[in-house]
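As structure tokens, the structure follows; a few thoughts come after it.
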Amino acid sequence: MDATTRVELGENSYDIAIAKESLQQIGTFLRPLDLGQKVLIVSNPEIYGHYGETVVNSLQAAGFSVDTHLIPAGEQYKNLASIEKIYDTAFKNRLERSSTLLALGGGVIGDMTGFAAATWLRGINFVQVPTTLLAMVDASVGGKTGVNHPQGKNLIGAFYQPKFVLIDPTVLKTLPVREFRAGMAEVIKYGVIWDADLFTKLEAAEQIDSYATIDPDLLDLILERSCRAKAEVVSQDERESGLRAILNYGHTLGHAVESLTHYETFVHGEGVAIGMALAGAIATRMNLWTTAETQRQDALIKKAGLPTECPNNLAIEAILETLQSDKKVKSGKVRFVLPTKIGEVLITDQVSADLITDVLAPALC
């Protein structure tokens, strides 16, 4: 399947191209985009080992001058120290304002590369080439860039849109099963917040927990529909002043769980899965949706091989304190995205600490 989705943001508009075996032609895709002569690829050693040579050869064949900067894999490297090392390489290779940073990797690589691009020389070109399912359907689209702070996830960052996103679904064949499942958390999220038909199709599928077992046509549909959903939301609200906040479904408590486990116990999608299960339980307690809908959501999360329960070694007080550092806090109140039915959510700051405690207590006792 080849498909192109346009993110409409005026002068910052760009295309998301989904095309199998497209890494071999990446130079052809990028050459018409006025991205300057120099390209600095930012990746991690494992991903670069799989696809670096292919990307470099295609870019060089298209006339680009290419250099590389590698960052160790893992959320623990998503920090300002890693950004400074990207700056050092950019300086060493004399990147100019017309030059391009190219993110070849998952969400961590994309977030850091985008932030470096936003801040080096006050902004240079940025291209996303996501290699994980999570990055393909979520992190590579929308222009959120940044790094973590010891006090919370993604507290340092900027909105900075890429010039282009290239998705080659065939690279998922080398993705570890755990990472594929993590990406499915974001896909399920789109089903809950935006696309009830996608949710139903995931329910009806025989298997959705690995690249090897998922129906290829369903995977094509997942990529196209997820990118379209995010593009539609971002086009209406680039800087999260309203509608875009719904994309944070599952992320409020999910980020807290990730942070309190020092980004070592769960990958991001697993945190989101736990956060969605907890948000669903809160919505049920508030009579926003039914117990049956919560059960449908949690069953789909489990079908994807993802966790639904908060680890029992966390203190409720620590979770509540961490929530106060969430980026969505407004006037001192934590804002939650909560489902009202499959395919629709609302944003509310009327979730009390007592209610959160009641929902968390059974899991933490």
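Each Cβ is built from the backbone N, Cα and C atoms, and glycine gets one as well.
For the Zn(2+) site that Swiss-Prot gives as His251, His268, the extra residue drawn from Glu84, Glu96, Glu186, Glu344 is Glu186. Looking at the residues that bind NAD(+) per the record, Gly107, Val108, Ile109, Gly110, Asp111, Thr131, Thr132, Lys144, Lys153, the two CA atoms farthest apart are separated by 22 Å. Across the fold, the C-alpha of Glu186 (Zn(2+) binding site) and the C-alpha of Ile109 (NAD(+) binding site) stand 17 Å from each other.
Rounded to a whole number, the distance between the Cα atoms of His251 (Zn(2+) binding site) and Lys153 (NAD(+) binding site) is 10 Å. Taking the Cα atom of each, Thr132 (NAD(+) binding site) and His268 (Zn(2+) binding site) are about 12 angstrom apart. Comparing His251 (Zn(2+) binding site) with Asp111 (NAD(+) binding site), their Cα atoms are 16 Å apart once rounded. Rounded to a whole number, the C-alpha distance linking Ile109 (NAD(+) binding site) with His268 (Zn(2+) binding site) is 13 angstrom. DSSP classifies Glu186 (Zn(2+) binding site) as helix under the three-state reduction.
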